[in-house]
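Per TrEMBL, these features apply:
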SIGNAL    1-18  signal peptide
DISULFID  CYS83-CYS157  disulfide bond
ACT_SITE  SER168  active site, nucleophile
DISULFID  CYS215-CYS222  disulfide bond
ACT_SITE  ASP219  active site
ACT_SITE  HIS232  active site, proton donor/acceptor
Amino acid sequence: MQPLGLLLAALFGTTALAVPTSVDHTYSDLARRDLDTNKFIDAVLDWFPGQMAVQDACTLIGAGETFLGKAFGIVPTANSNGCADVTIVFARGTCDPGNVGVLAGPSFFGAVAQSLGGRTLNVQGVAYPASVSGYLNADKAAGQTMAQIVRDTRKACPSTKIVISGYSQGGLAVHNAADALGGDMSNVSAAVIFGDPMSHQPVSNIDPSNTHIVCHSGDSICDQGAIVLPTHLTYAIDAASSAAWLLPKIS
């Protein structure tokens, strides 16, 4: 992968629907909020420019996510508490706040919660710097951390269905976690990635039928390109369809 393409892919892990996610909320309650996805997408596109310069990316992302988080009531941190029927381990994009970010993860979590009916959902964000320098240095620490969370979750909650997921740089963490887990990937029910800069490479150690990689037409990041366009900022519209794909994998 070209370094500049990798850098931009890392920088713009920034879209999703507005559903709060933290240990202080239950996901069934979040799903009932019925927030307007289109309104949120419009706000994202109004805030972020069609193209962002590398040197401005973190400032824009930080300011944008702070504004959108307050406007839509999104909590950027999710820490699982006890055992649930389903556990999503999620890695945010570069410069995203908290451990799941404001833009990418919460929409997916809310859609999954809504699809589960009476079953329960936990989300655990991956704590890692999500820095540009770490990404440029091909730091695999996020993948190692995600892999350890999977192992710890399986040990503590042997009956939970585990899903590994991420957005943009978080997608790289999913790929690296799968490599690190090796045979322990048998404990993972599915992998879901949005705006994956490694979209042309399979997630290792898992059947491809249990992998869901979402890339929009024209999203140059998914082709390892150097330009971030609005198509990379609108993955919130894929939350419901991705949850529908996931449901039979975790039933």
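The backbone N, Cα and C atoms fix where each Cβ goes, glycine too.
Here the CA atom of SER168 (active site, nucleophile) lies 28 Å from the CA atom of CYS157 (disulfide bond).
Ranking the disulfide-bonded residues CYS83, CYS157, CYS215, CYS222 by how many Cβ atoms sit within 10 Å of each one's Cβ puts CYS222 at the top.
The two recorded residues CYS222 (disulfide bond) and SER168 (active site, nucleophile) have their Cα atoms spaced 9 Å from each other. Other Cβ atoms within 10 Å of the Cβ of HIS232 (active site, proton donor/acceptor), summed over all protein chains shown, number 27.
By the criterion of other Cβ atoms within 10 Å of the residue's own Cβ, the least surrounded of the active-site residues SER168, ASP219 is ASP219. Under the DSSP three-state reduction, CYS215 (disulfide bond) is assigned to coil, being neither helix nor strand.
In the three-state DSSP classification, CYS222 (disulfide bond) falls within a helix.
The two recorded residues, the residue listed as 'active site, nucleophile' and ASP219 (active site), show a Cα separation of 11 Å.
Look at the residue listed as 'active site, proton donor/acceptor': DSSP puts it in a helix. Here the residue listed as 'active site' is positioned 5 angstrom away from the residue listed as 'active site, proton donor/acceptor', judged by their C-alpha atoms.
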